[in-house]
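> The structure that follows is given in the form of C-alpha cells.
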Amino acid sequence: MSPFHSALKQLTKAAALMNLDDAIFEKLKKPDTILQVSLPVKMDNGTTKVFEGYRVQYNNARGPYKGGLRYHPKTNLNEIKALAFWMVIKCSVVGIPMGGAKGGITVDPKKLSSRELEELTRVFTKKIAAFIGPDKDIPAPDVYTNPRIMSWIVDEYSNIVGHNAPAVVTGKPIELGGSAGRIEATGLGGFYIIQELVHKIKMSKKNITVAVQGFGNVGYYIAELLYKAGYKIVALSDSQGGIYNKNGLDMNPVNIMKTKENEGKISGCYCIGTVCDCENFKQITNEQLLQLDVDFLVPAALEEALNGKNAGKVKAKIIVEMANGGVTPEAEKKLLQKNKLIMPDVLSNAGGVTVSYFEWVQNLQNYYWTLEDVNTKLKKIMLDSFNQVWNIKEKYRTDMRTASFISALARIQEAMRLR
Ligand code: NAD
C-alpha cells in the first residue's frame, strides 16, 4: 500500500466514525494543487543533471499552506501527497491556523557538493517562487534538509520579490530570523507527549526502556531529552544500522552524536558518519531494533518502518510514531489487535510545525521570543492537544490516530463550511 493510499484509509476510517460531511470527505481525498518541476543543475564535473521537484498544496481552509521539504533519493509524488495531507491533519490537531503542504526533490543530497546542493535549492526556489510566500505557502526542513538549505531559499526568494522575506520559510538559522527552540521542537513535542502519557496511564517512572530508530533532527533530540529525564535508551539507529545495550549503559545520545561526527566523513553539507561508529555497543540492524522488547519504540526515520510484514514481531508496549507515516494501516491493525498503544505521527511530531508557526508569527511581527516563551507555549499546546485527543478516544472508543483525525477533521470541516 502506498503512503497516500494509507493516508486515505486513515481518513476514511475517521470520517465514517464521526459522520464527516460527504462533500468535505470527497474534497479531502484530493490535494488543491500539485506542482512538479524539472531542476537542471550544472554539476562540478561540467555535465548537467536534471532533478525532479514537487510541491503539493493540499488544503488551506484553516490558514496558509505549511509543510516541509524533503531531499531523498526515493522521494516521489505519491509520498509527497501523503505527507501534505498529514500536514493538514497535524496543524488542525494542535489547533494552529495553518493548512497543509509538502515538497521535495528526488535526489541523494549526500552525493552533491555544497555548491551543487546550493544551486539545486536555488533553482527549485525559482521554480516554486510564484506559489510560495509568507501568506501563501511556507516550507520548512524535513528529511535531509536543514537550516542551511532554508537560508538559501530565503535569500533566493527575497531576491525575487525584491525585499527581505524571512517568513517565506521556517526552520531558519536564528541569525536569519529563526526561532529559539525550533531545532529541537519536534523531539521536545514528542517528549512532552511521552511524559503526559506516562502520567496518564500511571506508568512506573523507573527503568522505562526506549529504542529510537533514526538519529537525525527528530531521533537525536527525542533520545537526548528522554535520556536526560532518566529513561533508559537501549538502542539507537540510522540508515546504516543500529547499536544496542540491554541495560542502556553509556547510551548517552550526546556522546554518540560526538563520535558519529568525529568519525564520520563530511560529504557536501552532510556528516555521513553513523551511530555504528560507536564500537563499544552491540551492532544490530534496523529490523532488529524494531523488534526489541522495550516499553517505548520510537520510529523517527521514514514512513512504513512498521508494516504488514514486521508488525507481528513488535514486542514494544507503546509506539510513539515520530516519523510521518511510520506505521502503515496494516501494521496498525495488527498492533492494535495485540493491545499496543500507538501515539500517532499527527500528534507526536506536531511540535515541529507548532514552533514553525511560532517562528512565522515572530517574523511577521519582527519581535522575537525567548526560549522559555517558546517552550512554555509549545508545552501547553502539546499537552492540551494530547488530552483533547485522549478524551475523543475514550468517547468514541477508538484508537489515538482515529481520535486525532476526528479532532482535526471537526475543525477543518467547520472552516470549510464557514467558507
Ligand atoms: P533527518 O534527515 O534529520 O534524519 C533522518 C534520520 O533517519 C537519519 O538519522 C537517517 O540516517 C535515518 N534514516 C534514513 N533512512 C533510514 C532507514 N532506512 N532506516 C533507518 N534510519 C534511516 O530527518 P528528520 O527531520 O529527523 O525526520 C525524521 C522523520 O520525522 C521524518 O519522517 C520526518 O518527516 C519527520 N518529521 C520531521 C520534523 C522536523 O521538524 N524535522 C517534523 C515532523 C516530522
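The chain as shown is numbered from 1 upward.
The backbone N, Cα and C atoms fix where each Cβ goes, and this holds for glycine too.
Automated prediction, rather than curation, is the source of TrEMBL annotations.
Remember, it's a predicted structure, so these values are computed and weren't measured experimentally.
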> Given that TrEMBL annotates Lys66, Lys90 as binding substrate, state which candidate in Ser239, Ser356, Ser385 belongs to that site as well.
Ser356
> Looking only at Lys66, Lys90, Ser356, the residues listed as binding substrate, what is the longest Cα to Cα distance in Å?
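Those residues reach a largest Cα separation of 13 Å.
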> With the Cβ under 6 Å from ligand 1 as the test, give me the qualifying entries from the recorded positions Lys66, Lys90, Lys102, Ser356.
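Among the recorded positions listed, not one has its Cβ under 6 Å from ligand 1.
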> What binding-site residues among Lys90, Thr186, Asn217, Ser356 are found with a C-alpha within 10 angstroms of that of Lys102 (active site, proton donor)?
none
> Note down the number of other Cβ atoms within 10 Å of the Cβ of Lys102 (active site, proton donor), including every protein chain shown.
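Other Cβ atoms within 10 Å of Lys102 (active site, proton donor): 31.
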> I need the CA-to-CA distance for Lys90 (substrate binding site) versus Thr186 (NAD(+) binding site), whole Å please.
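Roughly 12 Å, rounded to the nearest whole number.
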> Drop a 10 Å sphere on every Cβ of the binding-site residues Thr186, Asn217, Ser356 and tell me which sphere holds the fewest other Cβ atoms.
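Candidates: the binding-site residues Thr186, Asn217, Ser356. Fewest Cβ atoms within 10 Å: Asn217.
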> Please report the Cα separation of Thr186 (NAD(+) binding site) and Ser356 (substrate binding site) in Å, rounded to an integer.
10
